[in-house]
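Pulled from TrEMBL, these are the features on record:
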SIGNAL    1-19  signal peptide
DOMAIN    23-92  domain 'Ig-like'
DOMAIN    98-205  domain 'Ig-like'
TRANSMEM  212-233  transmembrane segment
REGION    240-272  region 'Disordered'
COMPBIAS  261-272  compositional bias 'Basic and acidic residues'
Amino acid sequence: MKVLWGLSALLLCLNRANAQTDPLIEAHPMEVYNQTSAVLSCKLTDPPSAVKGHYWMRNGKVIESSKHNSPTLYTEHTLAKIDSHSGGLYECVFLSEPEVKTTIEVKTAPHVSAYKRSEHGNEKDKGVLVCVSYGYPLPTDWKWYKLEGEDKTAITNGTDRYEIKSTPNRTTLTIDDLDIAMDIGDYICYGTSEVGSTSDKVHLRVRSRLAALWPFLGIVAEVIILVSIIFIYEKRRKPDEINDDDDSGSAPLKSNANTDYKNKDVRQRNSN
């Protein structure tokens with residue numbers, strides 16, 4: 001029993017010694033929320049070895065402008081404007097052996113936007129509407145609505161002709177068997193995270209299946225009109241050409257007759 005107590009006391013002393021020598025980073029603030037700007041800072045105490053430099057990372061990617069070869073045990077990173085594109089997980093990293101780092105969360109409301117502001121589909125085909133999201137944290141819940149005048153109707157996944165597939169950064173609404181009377185209009189996608197909710201709007205156009213034939217029919221009509229014009233022109237031109245040919249054929253005969261008459265008159269005078 002005394003041996004067990006002795007071992008327990010020894011382990012407790014070792015844990016306390018390690019706790020005193022373990023590196024500690026004082027991060028301030030630990031979390032940023034609902035702010036338009038912030039200064040992130042880290043202070044290292046009890047480094048495991050000499051520090052050769054430090055830098056910052058965002059979402060696992062190094063921020064190149066934050067790299068420094070200074071042996072100082074303090075670093076800070078300024079966020080002049082916080083929005084959906086600057087939110088995320090920030091890490092301050094100290095270059096010691098081993099490296100030491102800690103994380104600061106910068107949270108923003110999700111930014112939701114339609115992948116395309118306007119989508120179109122053909123009658124009886126499928127219509128696909130897509131919304132995407134940026135920011136940190138990403139939405140944990142997505143909802144779709146159809147605008148009916150001033151009201152909006154919730155669309156339930158798997159009902160009627162609707163199918164909704166969502167991931168944290170993307171949601172897709174698929175509408176089967178598109179109908180011109182029922183499906184044309186505006187749709188709203190809502191993304192909700194622990195920080196808040198935002199939305200965007202997509203307009204859906206539905207075309208008749210015959211719509212694709214109109215350009216072809218237009219070309220056919222133009223060809224028919226052009227051929228008709230050419231035919232009418234040729235038909236009217238031919239009688240005029242015939243008359244011209246008749247006139248040009250009779251003129252030489254008249255000229256020859258006059259010439260013969262003149263020659264005969266000359267011969268008669270010479271004989272006299």
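Note: Cβ is positioned from N, Cα and C throughout, glycine not excepted.
Automated prediction, rather than curation, is the source of TrEMBL annotations.
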Under DSSP, the domain 'Ig-like' (98-205) has how many residues in helix, strand and coil?
4 helix, 67 strand, 37 coil
For the domain 'Ig-like' (98-205), mean pLDDT (0 to 100):
94
